[in-house]
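Q: Provided herewith is a single structure, encoded as structure tokens, for subsequent inquiry.
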Amino acid sequence: MIYQGKAITVKPLEGGIVELNFDLKGESVNKFNRLTLSELRAAVDAIKADASVKGVIVTSGKDVFIVGADITEFVDNFQLPDEELMAGNLEANKIFSDFEDLDVPTVAAINGIALGGGLEMCLAADFRVMSATAKVGLPEVKLGIYPGFGGTVRLPRLIGCDNAVEWIASGKENKAEDALKVGAVDAVVAPEQLQAAALDLAKRAVAGELDHKARRQPKLEKLKLNAIEQMMAFETAKGFVAGQAGPNYPAPVEAIKSIQKAANFGRDKALEVEAAGFVKLAKTSVAQSLIGLFLNDQELKKKAKKYDEVAKDVKLAAVLGAGIMGGGIAYQSALKGTPILMKDIREEGIQMGLNEAAKLLGKRVEKGRLTPAKMAEALNGIRPTMSYGDFGNVDIVVEAVVENPKVKQAVLAEVEGAVKEDAIIASNTSTISISLLAQALKRPENFCGMHFFNPVHMMPLVEVIRGEKTGETAIATTVAYAKKMGKSPIVVNDCPGFLVNRVLFPYFGGFAKLLSFGVDFVRIDKVMEKFGWPMGPAYLSDVVGIDTGHHGRDVMAEGFPDRMAVEGKTAVDVMYEANRLGQKNGKGFYAYETDKRGKPKKVTDPQAYEVLKPIVVEQREVTDEDIVNFMMIPLCLETVRCLEDGIVETAAEADMGLIYGIGFPPFRGGALRYIDSIGVAEFVALADKYAELGALYHPTAKLREMAKNGQKFFG
């Protein structure tokens with residue numbers, strides 16, 4: 001053995017070729033943490049010092065190669081002063097460069113996935129051979145940063161600027177055949193042949209059949225582009241990528257700038273350029289928010305995994321109520337491999353549900369994401385019915401009938417009589433109390449909420465709601481089923497609106513206040529979209545449905561009269577009374593026309609302003625900053641209350657719920673991280689400036705205490 005550590009070993013194979021093997025003890029995957037980096041330093045030094053070594057193959061002892069840097073460790077480094085962070089980055093890069101500069105040929109054998117630092121390790125090798133099932137990529141831009149272990153330097157010199165920009169700026173994972181096509185790898189082989197193929201490549205290089213020094217040379221030099229070619233390549237790329245990423249996500253454009261700036265330098269100077277840009281991005285609030293999101297998501301997955309021990313296996317599911325929502329739930333279940341009964345009392349409802357599922361599956365086939373055979377398999381997994389005949393075999397039932405407590409209670413009691421005693425029943429209600437609905441059931445311990453968001457196939461969040469009498473098996477099974485459907489479940493406790501709608505309606509409350517002061521809803525939408533929301537509150541109201549918003553507002557006002565009840569009529573009341581229900585009937589705040597693709601397109605409608613005139617109580621001058629504060633303060637404070645009331649267990653879950661459920665701007669990290677970014681004391685002071693607007697703007701006593709003590713929600 002040439003070197004043995006806890007993450008890396010180097011052992012002789014044959015003919016002077018050694019295997020540098022990554023196999024991090026106690027972990028299911030390999031990652032670059034401090035231990036792995038320090039051992040790589042030692043392993044490279046050991047290889048360099050051993051005159052008998054004639055070649056190196058780099059392998060993994062796990063099912064994947066290396067998933068990248070351990071962000072939980074490296075995020076602490078981002079708090080260091082710029083000079084220290086840059087020095088640390090360059091020190092790590094020296095390890096990869098020293099590996100690249102070994103006198104002997106090096107071959108990386110890529111299995112599973114090689115992402116971020118994992119791919120950068122492979123780029124430092126002379127040759128790369130890849131398993132046909134493996135994927136490679138540089139996903140750092142998704143964390144608000146860019147590759148920091150030489151990725152922006154080596155990749156463009158290997159596969160050309162255009163390809164490298166696409167890989168780095170998109171952050172996507174690339175299949176083996178695509179990597180081979182652009183020249184990122186030298187060979188693709190069947191998984192079982194990977195080790196032998198890597199060894200063969202190394203032998204050929206040792207024998208002089210392959211010139212490893214010639215392969216290495218382009219990575220050490222400047223880019224092979226003249227000044228005009230550089231200008232055309234980089235300026236076009238920056239314009240296109242900036243348009244795609246938008247102004248709130250600087251990392252993709254910064255990556256291109258770094259590649260451009262380093263284009264005329266050799267490797268070592270180019271790595272300094274990369275490090276300087278990396279440090280600049282690491283210090284941005286966007287990077288802190290997106291890394292925070294990543295860590296929150298990891299926490300969510302860990303929590304959801306804990307329920308697996310108690311969860312029952314769901315072999316057959318059912319949905320009550322077809323239509324668009326029921327069809328969406330059936331589609332998602334069948335697509336992910338759980339067959340589902342879809343029951344409705346009307347033939348038209350069943351047809352609508354089947355049409356919805358077929359349409360969604362058809363779109364996947366069109367995009368090449370599903371084979372026609374798999375589409376047929378998924379469609380066969382949806383079994384329409386108008387009776388409870390087969391419900392005796394069902395493991396979980398999702399009730400998705402009309403949002404009316406009496407109707408839901410009647411349907412739930414009916415289905416309870418048709419299923420086996422240990423079947424789980426879940427209601428897809430968005431606002432009705434789970435404990436109230438449970439009163440109609442004989443086995444309330446088997447009942448919980450399972451709130452999907454519309455459209456089901458696009459929205460990742462599922463709220464799993466625990467009622468007063470809900471048992472752990474019901475929660476665990478519902479969480480496991482949601483995960484199996486490809487969703488991100490969050491367990492919340494019962495209250496009006498649960499987590500997401502409880503937080504959303506105060507946001508709409510802020511919108512109502514602005515409208516009552518005569519502020520143009522088109523302006524409000526523009527300001528909030530600029531803030532980072534996918535759509536402004538007027539457009540969102542139209543998409544959700546004014547009638548849905550009207551009903552939800554009444555439920556929330558009843559549940560929280562101290563701050564959500566309103567005096568007199570608001571915008572949603574007059575819109576509802578004028579039968580302007582939003583997209584569903586072609587007129588709401590906006591009017592809707594059908595575009596060439598048959599999709600609704602919003603246009604301003606003077607009639608909407610006439611409808612709103614009676615609710616304007618005064619004309620008030622407000623700045624764009626005021627608009628943001630009117631909207632965001634109530635949303636943030638209600639999120640704080642949900643955490644304090646135990647509706648949601650952790651700050652991470654609260655923030656992820658808003659990002660996955662209502663499209664809270666990811667680069668701002670969630671409502672609680674947004675408060676942290678302003679500063680808790682500063683946020684409390686800001687809210688106090690708007691105190692005259694009512695209780696929605698009044699911080700809680702506990703938040704004031706946090707402000708006084710200098711506390712934060714994260715870190």
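Note: Cβ is positioned from N, Cα and C throughout, glycine not excepted.
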Q: Considering the NAD(+) binding residues Met325, Asp344, Val401, Val402, Glu403, Lys408, Ser430 given in Swiss-Prot, which of Asn264, Asn296, Asn454 is annotated for that site as well?
A: Asn454
Q: So Swiss-Prot lists Asp297, Asn501 for substrate; which of Tyr146, Tyr660, Tyr674 goes with them?
A: Tyr660
Q: In the structure shown, which of the binding-site residues Met325, Val401, Val402 has the fewest other Cβ atoms within 10 Å?
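A: If we count Cβ atoms within 10 Å for the binding-site residues Met325, Val401, Val402, the smallest count is at Val402.
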Q: Would you mind giving the whole-number mean pLDDT across the region 'Enoyl-CoA hydratase/isomerase' (1-190)?
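A: Mean model confidence (pLDDT) across the region 'Enoyl-CoA hydratase/isomerase' (1-190) is 97.
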Q: Under a criterion of Cβ-Cβ distance under 8 Å and sequence separation of at least 6, what residues of the same chain contact His451 (active site, for 3-hydroxyacyl-CoA dehydrogenase activity)?
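A: When sequence neighbours closer than 6 are ignored, His451 (active site, for 3-hydroxyacyl-CoA dehydrogenase activity) has Asn428, Thr429, Ser430, Val462, Glu463, Val464, Ile465, Phe498, Val500 within Cβ distance under 8 Å.
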Q: Measure the Cβ-based neighbour count of Asp344 (NAD(+) binding site), defined as the other Cβ atoms within 10 Å of its Cβ.
A: 23
Q: Need the DSSP three-state call for His451 (active site, for 3-hydroxyacyl-CoA dehydrogenase activity) to compare against my parser.
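A: DSSP call for His451 (active site, for 3-hydroxyacyl-CoA dehydrogenase activity): strand.
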Q: What does DSSP assign Val401 (NAD(+) binding site), in three states?
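A: Its secondary structure by DSSP: coil.
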Q: Sort the binding-site residues Val402, Asn454, Tyr660 by C-alpha distance from Glu140 (site 'Important for catalytic activity') and give me just the closest.
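A: It is Tyr660, whose Cα lies nearest.
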